[in-house]
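Copied from TrEMBL, the annotated features are:
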- 42-75: domain 'Connexin N-terminal' (DOMAIN)
- 141-208: domain 'Connexin cysteine-rich' (DOMAIN)
- 20-39: transmembrane segment (TRANSMEM)
- 77-97: transmembrane segment (TRANSMEM)
- 128-150: transmembrane segment (TRANSMEM)
- 185-209: transmembrane segment (TRANSMEM)
Amino acid sequence: MNWGVFEGLLSGVNKYSTAFGRIWLSVVFIFRLLVYVVAAERVWSDDHKDFDCNTRQPGCTNVCYDHFFPISHIRLWALQLILVTCPSLLVIMHVAYREAKEQRLRAAGRDNRCHTYSNPGKKRGGLWWTYLLSLVFKAGVDMVFLYIFYHLYRNYTLPRVVRCELPPCPNTVDCFISRPTEKNIFTIFMVVTTCVCVVLSLVEATYLVGKR
């Protein structure tokens, strides 16, 4: 990962965000992205390799693993982080479009006292709607992924033992998940930080509407 580019992106998002938006960005960067990169990937690196079933029937372990873990936590979190940060890029692109349009008007010899956008980064008109929709989209993405995690993994927790009776397993076999307690702690942590981000996005949207 190119941290220089990412740092520039963060500074650009911070520049056009409200106070609530800056808090949201700090939570995403420190408590979600860094935890994902530094710790979570390593915790789930052995999820398939160390998924053991008390049978030697070929294919049984793979079938049971696919049944209980249709999508890995770590891949779902990666997709969630990508989707939840994309709306901030749209806000930056909208401001860049405004700045470019203002520069073209000045280069064309228009009167400097007359500006299309006196302050391109000010949340007015279309930019206000872009920013508001980005907040709604971010909150919606997080809530959808909370539902997906709850639907796939009941109560966001993993059992220590799962029982599988799918073919080609010869009978009901017991399968053991690697480090379930540690994975449950990380899952609950990510769920809590996601809920905090949803609340911050909704509070910021309410603040924008009320201020307008």
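Indices start at 1 and increase along the chain as displayed.
Each residue, glycine too, has its Cβ placed from N, Cα and C.
Note: TrEMBL annotation is automatic and uncurated.
As the structure is a computational prediction, the values presented were derived from the model and not from experiment.
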Work out, from DSSP, the number of helix, strand and coil residues along the domain 'Connexin cysteine-rich' (141-208).
44 helix, 8 strand, 16 coil
Averaged pLDDT, computed only over the residues in the domain 'Connexin cysteine-rich' (141-208):
90
Could you give me three numbers for the domain 'Connexin N-terminal' (42-75), the DSSP helix, strand and coil residue counts?
14 helix, 2 strand, 18 coil
